[in-house]
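Enquirer: Before I ask anything, let me first share the structure, which is written out below as structure tokens.
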Amino acid sequence: MATIFKRVRLLNEQGELIQTDIKVAGGRIVQIAHDLHAEADDEVIDVDGQFVAPGFVDVHVHLREPGGEHKETIATGTLAAAKGGFTTIAAMPNTKPVPDTKQHMEWLVNRIRETAHVRVLPYASITVRQAGKQLVDFVALKEAGAFAFTDDGVGVQSARIMYEAMQQAAALDMPIVAHCEDETLTYKGCVHDGSFAKRYGLSGIPSVCESVHIARDVLLAEATGCHYHVCHISTKQSVRIVREAKQAGIRVTAEVTPHHLLLCDEDIPTLDANFKMNPPLRTKEDQQALIEGLLDGTIDFIATDHAPHTKEEKSEGMVLAPFGIVGLETAFPLLYTHFVEKGICTLKQLVDWLSKKPAETFRIDGGELKVGAKADFVVIDLHTEQAIDPNTFVSKGKNTPFAGWTCKGWPTMTIVAGKIVWQKGRGE
């Protein structure tokens, strides 16, 4: 038995929208053609001319389980991913316990298998308990199912530890993924060291806090040959360092978040902790450098850094509240409305940044719509306008700075391995 998705509109290689049908069987796309004939036992789903994109791939998601289930679970986080059109996500390791041993990783892999709605690739930590002192057993964790290695949530403070981590990762041909933050330069800040911090008398986090770590790690990547990936890049200096590293032939890649592309510290209206994230919103100049870096290929793709927290935690105020915002359910509508519709980028560029590019960067089987590919894709209504309402999120986290923003480009159906895992109006 096969499933035929009729009257889909998808992008061809020239970036033009064409109408066709997609036939799926055995979890793979087996045919893409006009007016496909359905056999008696085939299921037919009429998409009614809506846009179909490859399932989005997000390599930066905090699912909080184990240990933080009051914020999010694998089940709720992956349902939020499905609602946002993401069919593959990578789970960050800042959980309790940290996936820093074979046993912890095996538990996580089994839990994902039992409860996830989409494909989940689990990160292992770089150091034991993410404490930055002792390296994990890289070989054992890879064998247990680790996708890559990161201490995201904190930066690796020791150059020696990072150097030795890159040596081990390079030997296994696996990436080191870095949250870049020199803790001696954070000044215990809660926002960027800029206009907003000065207005409210807050301690600010300077841009150099990030860029000095990237500069260090680029040299370590050059010395080891390791694939080094920069998380949530946020400053113009960081973009310059990554650009120069790529020009020098160093294996460096980088991601940027929707919120750093769409907001700067001038956009923070009040002491609202829904605008508190790490790295913080930077200057307008930094924001423009991020956009330019994405457009010229210095920055490889977009990742959400989905970081759910409870309403109570975010109500503690800008200084005390935890860093982080949610992003899985709003990424595409926000970027389609404010980038594609405003002519900053094309629809094909946006889709590639959310699917093909991260898949290529991390050698993930996905991110493309073609015969033989996994049948992971998303159906999107490009025309209906809708305001972002956190109360409708399926994520446990409602912490977004984009509440009330009106957007187009809302997913209506998400398919993983040929099966519908989320559909608008069904089970919401």
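Note that Cβ sites are derived from N, Cα and C of the backbone, with glycine treated the same way.
So Swiss-Prot says this about it:
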type	residues	note
BINDING	H60, H62, D152, D305	Zn(2+) 1 binding site
BINDING	H62, L63, R64, N94, N278, H309, F323, G324	substrate binding site
BINDING	D152, H179, H232	Zn(2+) 2 binding site
ACT_SITE	D305	active site
Enquirer: C-alpha of H232 (Zn(2+) 2 binding site) to C-alpha of N94 (substrate binding site): distance in Å?
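Expert: Pair distance, Cα basis, whole Å: 16 Å.
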Enquirer: For the substrate site as recorded (H62, L63, R64, N94, N278, H309, F323, G324), determine the largest distance between any two Cα atoms, in Å, rounded to the nearest integer.
Expert: 17
Enquirer: Binding-site residues L63, N94, H309: which have a Cα within 10 Å of D152 (Zn(2+) 1 binding site)?
Expert: N94
Enquirer: Roughly how many Å lie between the Cα atoms of L63 (substrate binding site) and D305 (Zn(2+) 1 binding site), rounded to a whole value?
Expert: 10
Enquirer: List the Cα distance (Å, whole number) between R64 (substrate binding site) and D305 (Zn(2+) 1 binding site).
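Expert: For R64 (substrate binding site) versus D305 (Zn(2+) 1 binding site), the Cα atoms are 12 Å apart.
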Enquirer: Among the binding-site residues listed here (H60, H62, H179), which has the Cα closest to the Cα of H309 (substrate binding site)?
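Expert: Going through H60, H62, H179 one by one, the closest to H309 (substrate binding site) is H62.
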Enquirer: For H62 (Zn(2+) 1 binding site), find which of the binding-site residues N94, H179, F323 come within 10 Å, Cα to Cα.
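Expert: Close binding-site residues: N94.
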Enquirer: Want to know which binding-site residues, from H60, H179, D305, are within 10 Å of G324 (substrate binding site) at Cα; which are they?
Expert: D305
Enquirer: Cβ within 8 Å of the Zn(2+) 1 site centroid (H60, H62, D152, D305 excluded): which residues?
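Expert: Everything else in range on the chain: V61, M92, G153, H179, C231, H232, A303, T304, H306, A307.
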Enquirer: So of all those binding-site residues, H60, H179, D305, which one's Cα sits nearest to F323 (substrate binding site)?
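Expert: Smallest Cα separation from F323 (substrate binding site) among H60, H179, D305: D305.
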Enquirer: For H60 (Zn(2+) 1 binding site), what residues in its own chain, 6 or more apart in sequence, show a Cβ-Cβ distance under 8 Å?
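Expert: The list for H60 (Zn(2+) 1 binding site) reads A90, M92, D152, C231, H232, E255, T257, A303, T304, D305, H306, given in order along the sequence.
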Enquirer: Around the Zn(2+) 2 site recorded as D152, H179, H232, what other same-chain residues have a C-beta within 8 angstroms of the site's C-beta center?
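Expert: Result: H60, M92, T150, G153, V177, A178, C180, E181, C231, N278, D305.
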Enquirer: What are the non-local neighbours of N278 (substrate binding site), defined as same-chain residues 6+ apart in sequence with CB under 8 A from its CB?
Expert: E181, I205, F323, G324
Enquirer: Could you tell me the C-alpha distance between N94 (substrate binding site) and H179 (Zn(2+) 2 binding site) in angstrom, no decimals?
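Expert: Counting only the Cα atoms, the answer is 12 Å.
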Enquirer: Please work out which residue of H62, H232, H309 has the most C-beta neighbours within 10 angstroms of its C-beta, and give that one of the binding-site residues.
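Expert: For the binding-site residues H62, H232, H309, the Cβ with the most other Cβ atoms within 10 Å is H309.
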